[in-house]
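Annotated in Swiss-Prot:
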type     : residues : note
BINDING  : 83, 182  : heme b b562 binding site
BINDING  : 97, 196  : heme b b566 binding site
BINDING  : 201      : ubiquinone binding site
TRANSMEM : 33-53    : transmembrane segment
TRANSMEM : 77-98    : transmembrane segment
TRANSMEM : 113-133  : transmembrane segment
TRANSMEM : 178-198  : transmembrane segment
TRANSMEM : 226-246  : transmembrane segment
TRANSMEM : 288-308  : transmembrane segment
TRANSMEM : 320-340  : transmembrane segment
TRANSMEM : 347-367  : transmembrane segment
């Protein structure tokens, strides 16, 4: 009798994705982040669901409902901080996952890559709206500043902003709709992640060498299931260290002050995972130019497959491109640092130079490095 795992209409889908999936024998720990992102998403949906049971999306009670969760709800504090720090872990995994894709040329799988970029946008939108919900000072002013950017769009800008706000300022209507969207988006992300996986399984995984591995495949289970469990344990360990020892390490103290439209915080800044994009936005003196640069800083990922000039897929055997990649990583870290600094003399010019470098590396220097390496192969 054939195994039910291989015959049952539902079970065989799971089987072909997680058990009998042929996987390259040499994929490294950089390939763990896909499953870690899945774990992060499930964790965020579960903790978010329990938070939503006690949260109220009304401007008068939102802040105190979060306080109530932390003080009065059984284990509410741990659920709240797992959700807040879970978002940080989510973005760490996302950045690692995208970085892996860039380094090893995984972007050659066009459909998988483009759905991944959409997933990144959706996750960023979800995180932004989630940050507004506690209705602290940084929630309110972050929402005001970021939504206001849309007013830079010619002709329809102002109407668009007021339509999103549901009034003439960020108020009750804005908070309610942000809560609604924040609740629904993770399920859309989950659906997109399944499509992402569907397209990946059409081609099979890439591997560190970038060379097709059809001749050398091993079953996903037990080899990579056990490897993923190790990754998951490390992820949960780091998350729980954050939650239990320094839950507010990555947060902003201003968000412990209830939202006050009459009092602007001295330094408005988003959560750490948006700082690189925020630095790019701020480094351009023109409003519309800044907004375009902000969107392009992420949207540029769509162009990466078309800028691939190398005869090799992976950067494993391309030292010049490797150098460019790590300069890009250093540049992103610089932008993240600048995004959290006040807008004054040394930081402005550093931010502008780092922003120029970011686009220059991706659009010019990486393709040039690839072309040089192609010519070096002829020697």
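Using the three backbone atoms N, Cα and C, a Cβ is placed for every residue, glycine included.
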**Least buried by Cβ count (within 10 Å) of the binding-site residues 83, 97, 182, 196, 201** = 201
**Fill in**
For residue 201 (ubiquinone binding site), the closest of the binding-site residues by C-alpha position, picking from 83, 97, 182, is 97
**Request:** Taking the transmembrane segment (226-246) as the first stretch and the transmembrane segment (347-367) as the second, find out whether 3 or more Cβ pairs fall under 8 Å, excluding pairs closer than 6 in sequence.
**Result:** no
**Message:** Between the Cα atoms of residue 97 (heme b b566 binding site) and residue 182 (heme b b562 binding site), what distance do you get, rounded to the nearest Å?
**Reply:** 23
**Fill in**
Per DSSP (helix/strand/coil reduction), residue 201 (ubiquinone binding site) sits in helix
**DSSP-derived structure type at residue 182 (heme b b562 binding site), helix or strand or else coil** = helix
**Complete:** Rounded Cα distance, in Å, between residue 182 (heme b b562 binding site) and residue 196 (heme b b566 binding site) is 21
**Complete:** According to DSSP, residue 97 (heme b b566 binding site) sits in helix
**Prompt:** Rounded to the nearest angstrom, how far is the Cα of residue 196 (heme b b566 binding site) from the Cα of residue 83 (heme b b562 binding site)?
**Reply:** 24
